[in-house]
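Asker: Heads up, here are the entries from TrEMBL:
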type: DOMAIN; residues: 42-293; note: domain 'G-protein coupled receptors family 1 profile'
type: TRANSMEM; residues: 24-50; note: transmembrane segment
type: TRANSMEM; residues: 62-88; note: transmembrane segment
type: TRANSMEM; residues: 100-121; note: transmembrane segment
type: TRANSMEM; residues: 142-164; note: transmembrane segment
type: TRANSMEM; residues: 197-222; note: transmembrane segment
type: TRANSMEM; residues: 243-264; note: transmembrane segment
type: TRANSMEM; residues: 276-295; note: transmembrane segment
């Protein structure tokens, strides 16, 4: 502990694995390793395929590349502490290291939300204004959107580590997960955390909350456009281009909303449920997104098969 008058700050926090199943951590690490491996390899393959295939150099796949980079970042943020705990029972994480990990986890989560919104906007333009799509979403426009997404995440979350460092901590130093999460750290403080709660809620609602609302609005407009199409075949073809994105949105937002609700209102929910929802939120989307797009996107699948044929040949 560091002492400075009445100010107390722990030198480290203790991370938790899966409550009640500590003895099984080495076995539990096997599916986690499979998920991390899928996330790392899958997203690297997506990036490689898009870079090597000239026909995929268009807005939809540029945004998919951003999603893949974000998913790689999320997987790499939690992999060292999660597998370190499961394999070697390394529970200790330094205070500043914890704040750094938390900052990047939240930034990447916010970036993923914004990229999913950008992809929804891309699908809306492609279906509602197909002839104007190339002129609206040019390469420079996509680059500007990407930079704006990153800057929004970095700037909006910049005060969070400083708001946590100003708090006095005492008593428990055990986190609820094998990674650092803002509400988790905040609840260990024995000081007034109203500013942290208020700022966290405002930022969450004004970024991820607004992203989700605009994604839903985009699909309302897409459905209106699709319904007005002349034939059933055209309607199904248009909707089929959105299936992968809808799956990615559901895989990301459902556990994220669940985890936010648990941290704010789920005081009586068993710790095991909290832990499972947190792992689902941070590990499942990076692993599933490349699988979803590889299965549902004809262009990605065909480019992947061509690459495999060249390798085997």
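Numbers here mean position along the shown chain, with the first residue as 1.
Each Cβ is built from the backbone N, Cα and C atoms, and glycine gets one as well.
A TrEMBL annotation is a machine prediction, not a hand-curated record.
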Asker: Under a criterion of three or more Cβ pairs within a distance under 8 Å and sequence separation of at least 6, are the transmembrane segment (243-264) and the transmembrane segment (24-50) in contact?
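Answerer: Since fewer than 3 Cβ pairs under 8 Å link them, the transmembrane segment (243-264) and the transmembrane segment (24-50) do not come into contact.
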Asker: Can you work out which residues elsewhere in the same chain, 6+ from the ends of the transmembrane segment (24-50), have a Cβ less than 8 Å from its Cβ atoms?
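Answerer: Counting only partners 6 or more residues beyond its ends, the transmembrane segment (24-50) has Cβ contacts under 8 Å with 17-18, 56-57, 61-62, 64-65, 68-69, 71-72, 74-76, 79, 82-83, 85-87, 89, 279, 283-284, 286-287, 289-291, 293-294, 300, 303-304, 307.
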Asker: Grab the same-chain neighbours of the transmembrane segment (100-121) for me: Cβ-Cβ under 8 Å, and only residues 6 or more beyond its ends, written as numbers and ranges.
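Answerer: Same-chain contacts beyond the ends: 60, 63-64, 66-67, 70-71, 73-74, 77-78, 81, 93, 145-146, 149-150, 152-154, 156-157, 160-161, 164, 179-182, 185, 207-208, 211-212, 214-215, 218-219, 245, 248-249, 252-253, 256, 282, 285.
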Asker: Taking every residue in the domain 'G-protein coupled receptors family 1 profile' (42-293), what is their average pLDDT?
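Answerer: For the domain 'G-protein coupled receptors family 1 profile' (42-293), the model's average pLDDT rounds to 91.
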